[in-house]
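J.: I am attaching a structure below and will ask some questions about it afterwards.
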Amino acid sequence: MPGSIFLFHFLDILELKAVQNFINQTWTERYNTEISTQVLTLLWSTIVSIFTLGGLVGASVGGTLAIRFGRKGTLLFNNTFALLAALFMGLSYPSSTFELLIIGRFLTGVNAGIGICVQPLYIGEIAPRALRGAMAMGTSIFITGGILTGQVIGLNELLGKEEYWPILLSTICIPAVMQLLILPWFPESPRYLLIDRGDDVACNKGTAWFNNYKEDMERERVSAIGIKPKKPWELFTDTSLRWQLLTLFVIHTSQQLNGINAIYFYADYVFTQAGIPADKIPYATVGTGACECITALTCGLLIESLGRRALIIGGYSLMSVCCVCFTIALTFQESSPWVPYLSMICVFAFILSFGLGPGGVTNILTTELFTQTNRPAAYMIGGSINWIAFFFIGMIFPFIVNGLKQYCFLVFLVICCLVATYIFFVVPETKNKTFLEIQSEFYSKKKLIAANGTEGPLLSTPM
């Protein structure tokens, strides 16, 4: 299956000291003077943040590429960015050119942005209805697997030593090469071939390969006759998609603003307070990655039995409880020897709750809330929202922490509670339903609101 985003989190384990030493050395050799602290900080910040800009660019064009070149074709083409990024970052050290790091980091972001947009789109369309949720969990499993693999390979015993960082960054080419070897053997999305291309012969071959329900596709094709795939801005002018778009905004924004980044930020401090030696903390950090990966796998096993609503509402509810407990634990961190261990439990519990709900279900809902002609544009919007929120939290988070300290988790508590409440009242269960059935539920609720003459909360549907 597509796995181009499997290792993109490797770039999140860039060794600060090693790369800054390289920049300083290169600057000295080039200009015969020491680099100033301000310029060094600016270059380092650019290397780190350019990944987010690349991700936003990738997410903004991913849907358009998926319409023009197909889902499979876009995923194959996307590997070009990963291979070029690996080449540029690998050559940065021997060529003494830190600018190549910036270019490589940007291209890696583009690769990740397109991959996160198109990969769940492809998987969601090829999956049989009864297995759609479990198969779509592959995206979260690959992402968490990438985090875990990056943490392991970044250990000092492997590629974590200072002199190995160019090799570490170049490993992003591994999943790209694997995908180029494996993906060509898989058919294009039958739903794309039938509805967007009108190619019945190729669709029949793909349907037989993936064991899809062609009758569902036929009904959707009939409903889409004469309708071209929409552009992102056209979705905003379609009043029938108002609640789907609002849901898209809520789930993608909250995925970045729910506190998961703050948990990872505080993890080293918590492990230190618990008495874990500094040289052993990277191994504890590997434990957090393993925790999230295991939870993604667990979510994949439960999603078809419990449904999407139960998992995402339960995930945000548990995260809310963890926010309260973690705030209390950090407040009384010095009061008793056992309190730091409570903080450790909160860290792992929060990560488990995130992986069980928001981390796994968000992309699946993006697939299921929209029909074929709207879905690529929806992924472009959702992906762009996600990357903008990622950039936003990266910019304001230091100020939140400096201003509120441990009480910043009360802000995340409010966000988690609001999202859980919104999903409970607005989002229907999508398990084992066709895309047309899901669209019909939203349309029925819209008519109910219009009949009541109110814009209040929608009635919830059974879980």
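Here the Cβ of each residue, glycine as well, is placed from N, Cα and C on the backbone.
Automatic prediction, not curation, is the source of TrEMBL annotations.
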J.: Looking at the candidate ranges 100-122, 284-306, report the one that TrEMBL labels transmembrane segment.
T.: 100-122
J.: Other than its close neighbours in sequence, what residues sit by the transmembrane segment (338-365), given a CB gap under 8 Å and a spacing of at least six beyond its ends?
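T.: For the transmembrane segment (338-365), the sequence-distant neighbours (Cβ-Cβ under 8 Å, at least 6 residues beyond its ends) are 116, 120, 124, 132-133, 136-137, 139-140, 144, 247, 251-252, 254-255, 258-260, 263, 266-267, 270-271, 273-275, 287-288, 291-296, 298-300, 302-303, 308, 311-316, 318-319, 322-323, 325-326, 329-330, 332, 419, 427, 430.
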J.: Examine the transmembrane segment (310-332) against the transmembrane segment (407-427) and state whether at least 3 Cβ pairs sit under 8 A, considering only residue pairs 6 or more apart.
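T.: Output yes: the transmembrane segment (310-332) sits against the transmembrane segment (407-427).
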J.: Cβ pairs under 8 Å only, please: of the recorded stretches 42-67, 100-122, 165-186, 377-401, 407-427, which one is richest in them relative to the transmembrane segment (134-153)?
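T.: Counting Cβ pairs under 8 Å, the winner is 100-122.
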J.: Would you kindly list the residues that approach the transmembrane segment (377-401) from elsewhere in its chain, counting only those six or more residues past its ends and only Cβ-Cβ distances under 8 Å?
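T.: That would be 49, 52-53, 55-56, 58-64, 66, 113, 116-118, 120-121, 229-232, 234-235, 244-245, 248-249, 251-253, 255-257, 261-262, 265, 366, 369-370, 408, 411.
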